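Trainee: If you scroll down you'll find the structure; I have some questions about it.
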Amino acid sequence: MDDLKSIIGKVATGAPLSREQAASAFDSMMSGEATPSQMGALLMALRVRGETVEEITGAVSVMRAKMLRVDAPANAVDIVGTGGDGSGSVNVSTCASFIVAGAGVPVAKHGNRALSSRSGAADVLAALGVKIDLKPDQVGRCIREAGIGFMFAPAHHPAMKNVGPTRVELATRTIFNLLGPLSNPAGVKRQMVGVFSRQWVEPLAQVLKNLGSGAAWVVHGSDGLDEITLTGPTFVAALENGHIRTFEISPEEAGLGLCDSEGLKGGDAAANAVALQSVLDGLPSPYRDVALLNAAAALVVAGRAKSLKEGVAIGKDSLDSGAAAGRLKQLIAVSNS
């Protein structure tokens with residue numbers, strides 16, 4: 001197996017790494033064997049040249065091997081974004097997760113604190129009263145009893161502590177911004193992943209295919225959102241039955257109206273928590289509609305809906321019946337017990 005120095009030398013020439021070489025390099029970094037200089041050199045060389053599907057696949061395989069796993073039902077789904085889109089939007093995937101859970105599909109939500117906004121999934125859930133820093137068996141209990149559990153990334157990826165300081169010092173996006181959403185500790189086979197750039201939509205779908213995902217949508221809004229947007233089209237790469245299909249979707253085809261970007265602007269964790277609760281309480285808003293649209297796509301990925309329109313109808317029922325709000329109440333109770 002190539003040593004780290006020779007791998008860094010190879011990347012420095014612009015040559016791609018094999019999946020095995022990438023896995024070897026990331027194992028060195030995450031096990032603490034690599035020096036900060038070596039980590040910085042490799043991460044920036046990959047970033048400047050552009051990471052390949054094989055390199056990301058190798059890196060994710062190491063991250064998955066080192067994570068602390070959570071037991072979840074085989075049909076569990078995740079709705080997750082890379083963050084880093086710079087939009088400062090409301091917490092779309094978190095709200096959509098409660099809608100999906102309210103529709104009877106188990107959700108194993110993976111997330112972290114804010115990356116570029118003022119409120120990430122962990123921030124808003126903590127503001128709502130959910131205990132986020134749980135052990136894997138406690139998260140599994142949440143999924144079983146509340147129909148939804150939250151896996152706080154730092155608690156499930158302890159090996160990341162070895163690369164954390166280097167990432168902070170680099171202060172720029174690296175391959176690790178792509179790895180987290182692909183490394184769900186519950187090992188979900190069905191997920192919706194939002195990405196910060198259109199260039200990653202199809203490659204990340206290919207990575208998920210390489211790693212054995214059953215069904216997935218990788219999405220990027222035309223306005224830059226790492227979610228399905230309500231302001232215009234969204235680019236999608238869908239993994240279905242071992243094949244990847246690319247297409248665009250619009251809110252109109254799901255029976256929803258367009259909004260401007262101001263309608264999706266968020267605030268800090270406290271403000272976003274109030275906004276999320278108001279959606280679960282049934283109040284109409286662009287936030288409700290964008291959460292419904294993302295939930296609808298997740299319901300399609302989960303096999304619960306055949307189309308976005310049907311997914312929106314199921315999502316509306318989850319909200320209007322109080323089921324989605326009930327899932328949040330249950331998660332607060334179970335996570336704190």
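Yeah, the Cβs are placed from backbone N, Cα and C, and that goes for glycine too.
The anthranilate 1 binding site annotation in Swiss-Prot covers G81, N112 and is backed by sequence analysis. Residues or ranges marked as 5-phospho-alpha-D-ribose 1-diphosphate binding site by Swiss-Prot on the basis of sequence analysis: G81, 84-85, S89, 91-94, 109-117, A121. The Mg(2+) 1 binding site annotation in Swiss-Prot covers S93, E227 and is backed by sequence analysis. According to Swiss-Prot, the feature anthranilate 2 binding site maps to R167. According to Swiss-Prot, the feature Mg(2+) 2 binding site maps to D226, E227.
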Trainee: For H110 (5-phospho-alpha-D-ribose 1-diphosphate binding site), what is the secondary structure state per DSSP, taken as helix, strand or coil?
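Mentor: The three-state answer is strand.
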Trainee: Could you check which of the binding-site residues (S89, S93, R167, D226, E227) sits closest to N112 (anthranilate 1 binding site), going Cα to Cα?
Mentor: S93
Trainee: Considering only the binding-site residues S89, H110, R113, R167, which residue has the minimal Cα-Cα separation from D226 (Mg(2+) 2 binding site)?
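Mentor: It is S89, whose Cα lies nearest.
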Trainee: Which state, by DSSP, holds G81 (anthranilate 1 binding site): helix, strand or coil?
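Mentor: SS state of G81 (anthranilate 1 binding site) = strand.
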Trainee: Is it possible to get the count of other C-beta atoms within 10 angstroms of the C-beta of R167 (anthranilate 2 binding site)?
Mentor: 17
Trainee: Of all the binding-site residues given, namely G81, R167, E227, which is spatially nearest to S89 (5-phospho-alpha-D-ribose 1-diphosphate binding site) at the Cα level?
Mentor: E227
Trainee: Quick one: of G81, R167, E227, which binding-site residues lie within 10 angstroms of H110 (5-phospho-alpha-D-ribose 1-diphosphate binding site), measuring between C-alpha atoms? Sequence order, please.
Mentor: G81
Trainee: So, in DSSP terms, is S89 (5-phospho-alpha-D-ribose 1-diphosphate binding site) helix, strand, or coil?
Mentor: strand
